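Student: Pasting a structure below so you can have a look.
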Amino acid sequence: MGKRLISQNRGRGTPKYRSPTHKRKGAVKYRSYDEMEKDGKILGTVVDILHDPGRSAPVAKVRFANDEERLVLIPEGIQVGEEIECGISAEIKPGNVLPLGEIPEGIPVYNIETIPGDGGKLVRSGGCYAHVVSHDVGKTIVKLPSGFSKVLNPACRATVGVVAGGGRKEKPFVKAGKKHHSLSAKAIAWPKVRGVAMNAVDHPYGGGRHQHLGKPSSVSRHTSPGRKVGHIASRRTGRK
């Protein structure tokens, strides 16, 4: 009898494939969208900068004027002790949070809300930023890092600047163990062994005197879970 495939183990939800969110510092999102932000602004002070396991960017603990504390994504150039502003009348400065409708065209932004008050959903990885392209009646167009232009509500908030931690890809891992530990913080199993490199008991493509599939790579959508590898329910395969 063969062994379970990686996809079967992942679906079972074993600890190896569960994201260790209990190690995170907490929810990283904007404060509630209250009248203080809608009518003016509120000041906050960066009291600490923290490393959040599994996140590619550092987070800052910010204490606001009403003694509320939040974890926020910080831009490049922010340090402990600096003040940030949140609200419709905030200054256009890195780290400040404003509605998209109040941010001029061409300004880099990140941690963009898709619905006003959702806390920020888009452009949150280290070194990423989007651009405000244009404003129109009831909508703002933002160009995302992928090149896709998204139409958003002008009341959606965003942070001015570029997410910190942009140089992380310039330093190589050097050792395989370091990469393993880095990806395990996100529940990504690494290294990934090819099916043809396995034994026959471990994978449908395993075994043989040399590495080859030995069978068609197309399988039915209704085939058994232990055989569902390759091109699943493919209409066609190969180059056009």
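Glycine is treated like the rest: Cβ placed from N, Cα and C.
I grabbed these lines from Swiss-Prot:
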type	residues	note
COMPBIAS	1-11	compositional bias 'Polar residues'
REGION	1-28	region 'Disordered'
COMPBIAS	13-28	compositional bias 'Basic residues'
REGION	206-240	region 'Disordered'
COMPBIAS	224-240	compositional bias 'Basic residues'
Student: Checking distant contacts: for the compositional bias 'Basic residues' (224-240), what same-chain residues at least six beyond its ends satisfy Cβ-Cβ under 8 A?
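Tutor: Non-local partners: 2, 4-5, 7-8, 11, 195, 203-205, 213, 216-218.
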Student: Could you tell me how many residues in the region 'Disordered' (206-240) are helical, how many are strand and how many are coil under DSSP?
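Tutor: Split by secondary structure, the region 'Disordered' (206-240) comes out as 3 helix, 4 strand, 28 coil.
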